[in-house]
Every structure is written in structure tokens, then in C-alpha cells.
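Asks: The active site, nucleophile annotation in TrEMBL covers 559. The S-adenosyl-L-methionine binding site annotation in TrEMBL covers 414, 464, 531. Under the heading compositional bias 'Basic and acidic residues', TrEMBL lists 40-49, 138-149. According to TrEMBL, the feature region 'Disordered' maps to 13-51, 112-149.
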Ligand SMILES: C[S@@+](CC[C@H](N)C(=O)[O-])C[C@H]1O[C@@H](n2cnc3c(N)ncnc32)[C@H](O)[C@@H]1O
């Protein structure tokens with residue numbers, strides 16, 4: 001999933017969701033696996049509701065240490081917290097006296113903020129239960145930035161017909177295919193010959209290749225098989241399980257009830273409600289994003305379908321996994337354990353007494369103390385016994401076509417299984433596979449793409465960074481009696497070059513009867529399918545693919561058309577005759593778009609035969625949102 005952005009819209013709050021398009025109003029920058037830094041003043045937080053709380057964007061991060069704190073102290077400013085994500089910094093500061101607030105605002109705005117931008121000081125969005133105390137009137141009325149319902153944030157296209165949504169996404173992908181031409185042409189400097197595809201005629205509409213439009217999702221309501229809910233305060237100050245009402249970096253921390261979100265399933269809504277009811281009886285606090293305190297942080301609901309319910313309007317769900325993320329610091333171990341057991345009893349009782357009863361297959365707690373909800377893949381997972389069931393498991397199963405897939409809590413799986421079937425079938429068709437093909441599935445997750453195509457090829461080599469996903473992929477091969485797959489747990493950038501060169505690929509004409517010989521590692525052709533996270537492929541991977549001359553066919557699948565095009569510039573731009581830059585030195589990438597950066601990286605690309613874009617298509621995996629998957633075939 002592909003997924004995940006930094007796309008315009010808002011993302012789910014977990015690292016896994018970097019790879020997929022968002023379902024929630026969490027800050028996309030919060031979803032990343034990027035480094036985060038925190039400055040926190042653990043001092044007096046009392047009285048914050050009646051003080052003057054300000055949100056500072058573009059905080060001068062270089063002052064994040066002592067100098068900034070000193071300035072704040074001089075002004076008698078209470079510094080709640082600040083976070084740095086992807087170079088953007090947001091802080092919350094609080095004053096007792098309006099005069100101090102004005103004075104500090106002037107001082108802060110006179111500084112140079114992060115990335116050279118001016119700090120912007122605005123009122124932190126008041127929450128309605130604070131309104132009376134601050135004398136600001138009804139916070140909800142005043143706060144034009146806060147949407148009326150979280151569904152406006154999570155499913156911004158929901159008010160349009162599905163046809164209109166598809167048109168909008170199709171046009172968006174057509175636009176990036178035009179940008180592809182413009183940016184790649186800019187790489188043709190110093191007399192570099194311009195390939196024909198860079199001067200597309202009118203029939204191509206200025207696009208780099210044939211564009212086959214958009215494939216619709218077979219299911220458009222409640223299609224998500226995975227939802228990551230934040231736990232926090234609603235606008236009324238109630239503890240709630242739902243989605244963030246806007247971006248944290250805009251000062252929005254309020255959580256909205258997901259009841260009107262059309263992409264969320266009834267089961268996910270049911271469990272968000274059930275956990276919400278439970279935490280309102282808990283002595284432990286919900287997570288407060290402004291000062292990074294509290295216990296209950298997130299709920300992930302994952303669903304696996306019954307076999308053979310594919311393409312039905314309402315998916316029949318056979319298995320459900322719940323992962324509740326908590327921040328356990330400072331809580332005694334036995335108090336925690338008791339609360340986990342109480343939660344297991346409450347959730348299972350709610351599920352079994354619902355009419356009709358709701359499935360519950362696996363219940364886990366993820367303990368994570370970091371600032372962002374994006375827990376590392378190895379954050380401790382505690383499996384809870386579900387009362388009334390004999391065994392506790394840590395995974396669920398879903399189906400792609402007639403293959404069964406085991407899915408572990410942190411493993412990626414496309415969130416719209418029905419539409420994913422269409423996506424994988426198309427990728428396989430375009431890959432032009434045969435019995436002598438060696439297929440690389442780069443960023444393979446639980447092995448979905450490789451395993452669904454394994455019977456058409458000689459051998460599949462999958463590469464995946466998440467160890468649990470690789471264990472799932474190996475299990476999935478066995479579950480489906482597939483024996484010609486190898487799955488390697490590694491960063492693709494660390495192993496792709498070595499793996500590509502490990503197998504002998506003989507040209508078709510010289511191939512003998514035994515050209516496909518997995519023991520001797522000989523094949524007659526090699527094909528690569530890549531399906532990276534939203535950030536795209538690492539430059540080492542694009543370089544390895546480009547310089548591997550035996551690779552003639554590459555299918556790129558992505559939930560982020562921008563990074564797909566950026567990587568395709570590196571794969572398809574003609575080699576320049578100009579001197580190569582050394583190690584990217586001298587590059588000033590500040591504020592550069594992904595495509596601009598790709599053009600810069602082209603300057604380091606060794607001379608090699610470029611690929612040519614042949615055709616592209618969009619596949620709508622995320623109805624009601626701005627997102628879609630894109631597939632492009634590159635050949636040479
Ligand atoms: C969009 S998902 C695609 C997964 C799979 N193809 C599917 O459709 O289910 C991207 C996958 O890339 C993996 N990933 C992220 N960075 C990676 C890297 N540097 N090397 C290898 N895999 C990576 C993620 O863990 C995730 O499973």
C-alpha cells in the first residue's frame with residue numbers, strides 16, 4: 001500500500017500505515033517512521049485550561065534546547081511540549097497573562113524558524129470544555145478550522161458521487177503523467193538526445209505513456225479491513241476512540257467519533273464504541289497529545305474475510321484482531337495486568353452480547369512510550385486471553401483470490417482486499433510472466449503479489465523489511481502449497497543488487513530446455529514488481545534496477561503517484577553526457593519536490609540504458625478519499 005504520503009491528506013497513526021492511504025484524521029507526519037525529537041517541560045501543567053495556550057508552528061528548533069527554554073522562562077511562559085517531524089516543528093506554550101502572550105508572540109515571530117520559515121503563533125484551538133473558563137465563548141463556534149464532523153477530514157470526497165470521485169482521481173493521475181514528461185525533459189541537458197516518449201503527441205494528451213484511466217473499487221462502503229483509531233478527547237472533553245479532527249501541526253488534537261465515516265466498517269465502529277465505553281470507566285487517562293501524557297493511545301481493528309465472499313457488497317468477516325496501544329510508563333505492573341484483563345472481559349462481553357454477536361479472534365496490547373503513535377515494529381505485544389475461547393492467537397487470515405494469507409499485527413496488508421485483487425491481477429498481467437521467469441517482488445509484505453503470481457513463474461524472490469511480514473509470507477507459501485518462493489528479510493537497498501546478480505538469466509534465444517532451473521538458478525528472463533511505501537524506493541534500489549541490464553520489464557505499484565513518478569524519472573531519464581556529481585555533494589535539496597530531487601539524483605546515475613514508460617492505470621482502493629493506487633509498466 002502502498003499507501004500511506006506525504007500526501008496532502010491525513011494519515012493513520014501507525015508506522016505500518018506509512019504504506020497505505022489514510023483512513024483517519026491523524027497528522028500524516030505522525031504516521032512516519034522518521035526520527036522524532038521532543039522537548040518537554042515536565043513542570044507545572046496545572047491551570048493550562050484557564051491560561052492562554054498558543055500553538056507555535058515552525059518553532060525555531062535550533063533553540064529547542066536551553067536558549068529557547070530560557071526565552072520562555074524570561075517571559076514566564078509555560079512550555080507544554082514541542083515535536084519535530086519531517087523537519088516541521090510544532091509547540092504548545094502557555095501564558096498566565098495576556099501581556100506576556102503578546103510580548104512572546106512578537107519575540108517568537110521575529111525569530112527565524114525551522115527551515116528558515118518564520119514562526120507562526122496562533123491560538124491553540126480551545127476545546128469546548130475550556131470555553132467558559134477562558135471566556136472565549138463556544139470554542140466550537142469560534143473555531144472555523146475544526147470540521148463539524150471527522151468524516152469531512154477522513155473521507156473528504158464522500159459528498160460527491162462515486163463517478164465524480166473517480167473522475168477527480170483519474171485527472172490527478174493524468175496530471176502526474178504530464179509532470180513526468182516535463183521533469184524528465186529537464187534531465188536532457190548538454191545535448192542529451194531526447195527520447196520519443198518525451199515529445200508525446202496530442203493523442204497522448206501530453207502524458208508520458210498510454211493512460212488506461214481508473215479501475216473502480218468493487219466495494220465503496222465500509223471497505224477498510226484495517227482502521228487505526230486514536231484515543232483522546234472529543235470536542236466536549238469526553239474520552240473517545242476515533243480519528244483526529246485535523247493536523248496536529250495546525251494545533252488540532254481533538255478526536256472525533258468515526259460513526260459517519262463511510263470507509264470504516266460496522267465492526268470497526270462497534271469496537272471503537274466498545275473500547276470508548278470501557279476507557280471511560282478506567283482509572284487510567286487517555287493520551288493527551290499536547291503534553292504526551294496518559295495511558296490509552298490507539299486502537300487498531302483488523303478484519304479477515306470469509307473465503308469466497310469476494311466481490312460481495314458487504315464483506316463477510318470471519319476473523320477480527322484488536323490491538324490496543326498504551327503508554328505504560330509509571331504504571332505498576334500488576335495494576336496494568338488487572339486493567340488488561342478487565343478490558344478483555346469487557347470487550348469480549350460486548351462482542352458476544354451484541355446482536356448479532358461480533359467476532360473477536362485476537363486481542364493484543366502494544367506497549368509503546370514514544371511521542372508519536374507510530375510504534376516501532378518491535379514494540380512489545382502482549383497477547384490477551386479472550387474469555388470463552390481456549391487459545392489466544394496473534395494473527396488473522398484473509399484471502400486474495402483463492403489464496404489464504406496469514407496477517408500478523410504489524411504486517412502490511414492492503415486495506416481494501418477486494419480492490420487489491422484487481423490490482424494484483426493487473427500487475428501480474430502487465431508483468432508478462434512465463435514459466436521461465438524469475439520474479440522479484442520488492443517490498444513484498446506478507447507475500448501477496450509474489451504468491452498470487454507464483455504459479456505462473458519459475459521462481460519468486462520477495463524482499464521485505466518487516467520480520468513478522470516475512471514470517472507470514474513463508475507461512476503463506478506453505479498454507480497454499482507453493483514451493484517456488486524465497487522471502488528475504490532485509491532492507492531492499494541492502495540486498496537488491498546482490499540478489500539480482502545471484503541468479504543466472506540467459507537470453508531467450510540461447511535458452512535450452514532447462515533454462516528455468518531453480519537449482520542452478522538459471523532463468524530466461526527476469527521481471528521486477530515493486531510496491532514500496534509512500535516514500536518510494538530508496539535511491540540505491542532505483543540505481544540497482546536501472547543498471548541491471550538483464551532486467552527488461554518492471555511493474556511499479558504505488559499508493560503515491562508522486563513518488564512513483566519521481567522514481568520513474570530516475571529509471572527512465574536518458575543518461576546524461578555531463579560529468580557525474582560525486583555522492584550528491586553540492587546538492588541543495590531544501591524544499592525540493594520529490595520530482596525535483598529525482599532530477600538531482602539523476603546526475604549521479606551511472607550511464608545505463610533507460611526504461612521507457614509503456615502504460616499506466618489508476619486503481620481506486622480508497623473510495624471517498626483523495627487517494628488511489630497507480631500502476632505503471634516500464635520496459636527497455
Ligand atoms: C505498500 S506495502 C506493500 C506490501 C505488499 N506488496 C502488499 O501489497 O501487501 C510496502 C511494504 O514495504 C515494506 N518496506 C518498507 N520499507 C522497506 C525497505 N526499505 N525494504 C524492504 N521493504 C520495505 C513495508 O514493510 C511494507 O510491507
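Cβ atoms here come from the backbone N, Cα and C positions, even for glycine.
Keep in mind that this is a model prediction, so the values were computed, not measured.
Provide an account of the burial state, proximal residues and distances for the features listed.
Replies: In the structure as shown, the Cβ atom of residue 559 (active site, nucleophile) sits within 10 Å of 30 other Cβ atoms.
The Cβ of residue 464 (S-adenosyl-L-methionine binding site) lies under 8 Å from the Cβ of 443, 444, 445, 470, 473, 487, 488, 489, 490, each on the same chain and at least six residues away in sequence.
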Asks: In three-state terms from DSSP, label residue 464 (S-adenosyl-L-methionine binding site) for me.
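Replies: Its secondary structure by DSSP: strand.
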Asks: Would you kindly give the Cα-Cα distance separating residue 559 (active site, nucleophile) and residue 531 (S-adenosyl-L-methionine binding site), rounded to the nearest Å?
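Replies: Rounded to a whole number, the Cα-Cα distance is 8 Å.
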Asks: I'm trying to understand the geometry here, so how far is the Cα atom of residue 559 (active site, nucleophile) from the Cα atom of residue 414 (S-adenosyl-L-methionine binding site), in Å to the nearest whole number?
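Replies: With distance taken Cα to Cα, residue 414 (S-adenosyl-L-methionine binding site) is 10 Å from residue 559 (active site, nucleophile).
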Asks: DSSP on residue 414 (S-adenosyl-L-methionine binding site), three-state: which is it?
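Replies: Once the DSSP labels are grouped into three classes, residue 414 (S-adenosyl-L-methionine binding site) ends up as coil.
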Asks: In whole Å, could you give the widest CA to CA gap in the S-adenosyl-L-methionine site formed by 414, 464, 531?
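Replies: The widest Cα-Cα gap among those binding residues is 15 Å.
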